[in-house]
Amino acid sequence: MASSGEEPRSGSPGRAGTGTEAAADAAQLDTAEDFEVLEEEEEEDEDDLSELPPLEDVGRPPAPPREDAQPPEQGAGDAAGDPEEWLDVLGNGLLKKKTLVPGQGVDSRPQKGQDVTIRLKATLEDGTVVEEDPALTFTLGDCDVLQALDLCVQLLEMGETALIVSDAKYCYGAQGRSPDIPPNVSLTLEVELLGAQDAPDLELLSGKEKIQLANRKRERGNFFYQQADYVLAINSYDIALRIVGSSSKVDFSPDEEAELLDVKVKCLNNLAASQLKLDHFKAALKSCNLVLEHQPENIKALFRKGKVLAQQGEYREAIPILKAALKLEPSNKTIHAELSKLVKKHADQRNVETEMYRKMLGNPSTGSTPRKYKDKLPWVRP
């Protein structure tokens, strides 16, 4: 969360994947495989990832752990040193921290939830500088930045300068960052903690400030979705929804209220998409229903609700929902295809059930002739 209130810069280690790069990544995901994607209106926000495939895998596995990740022998600052000087942050050798300039003591360390400001310099293993920011501000613990920063900055003392060597897993992973950061590469981050303060009171934010803050969290969720990290995507969308739903002591204009509702709907749609990726069907269904409470004719929510019900085998319930979506947009080929598929599956399901009941009841086959008994039963009187 930048103190200036500006939108996140595309390509920054703290806020990668937003803006045009995020749109390009989303488009690549849509066309990489035969995904079932809702057609988008041209005027819609290009960062709204509700159109991304609701159930199919994105085909981007997380970056595999690099067992050979080591602190650089030479490079930024005083990277070389005795191995004992390096702190193995997670105990797996993939994220290490070394103090270059001591800070003001352990008591000066920032707390999660505070807004921190750092000086950042990021380099590749060969020493190439890929990012410099004299004052990067973000909310600690909200996953607003690279995981390497979020995990390590909370260990810094005020005024401390440290070197962080991170495996790609905690930076840009298997995707990298075009054009300057290749896939699956480690980064060396030189970080100085400049300041820390409590985050602003949500109740006192103006409508514009609340919208900007919620959108930044949503965009971060979009970045994680594109990275196929659906757990962190859900975390960011949840934070955005908490911001939108927080009480306020400030009056908002009707336009601001409408924009906050729009942000909420986008977050819920994207949240449902992320939950579906993790097979969290109950949660995804709840997210879809929340959208439909505000917008009963939201095609994305209807389509996704039908998909999640179908995924659970509830074809009888899913079919009318998809029919409602198709009625709203009769030309949508994706809904046509999904509805046709479900109708066939439902018919097959009924045939299987019918055959099962026939066997259970021992019904004779249709080709057999019933046996006629001439003898009367002994207890039937003539």
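Using the three backbone atoms N, Cα and C, a Cβ is placed for every residue, glycine included.
TrEMBL does not curate its annotations; it predicts them automatically.
Annotated compositional bias 'Low complexity' per TrEMBL: 1-30, in sequence order.
What TrEMBL records for 31-50 is compositional bias 'Acidic residues'.
If you look up TrEMBL, you'll see 113-197 marked as domain 'PPIase FKBP-type'.
As annotated by TrEMBL, region 'Disordered' applies to 1-85 (among others).
Per TrEMBL, region 'Disordered' is recorded for 361-382 (among others).
Under the heading repeat 'TPR', TrEMBL lists 299-332.
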Fill in the blank from the handout: DSSP composition of the domain 'PPIase FKBP-type' (113-197), residue counts helix/strand/coil, works out to 12 helix, 40 strand, 33 coil
Exercise for the section: Count the residues of the repeat 'TPR' (299-332) that DSSP assigns to helix (H, G, I), to strand (E, B) and to coil, and report the three numbers in that order. Expected result: 27 helix, 0 strand, 7 coil
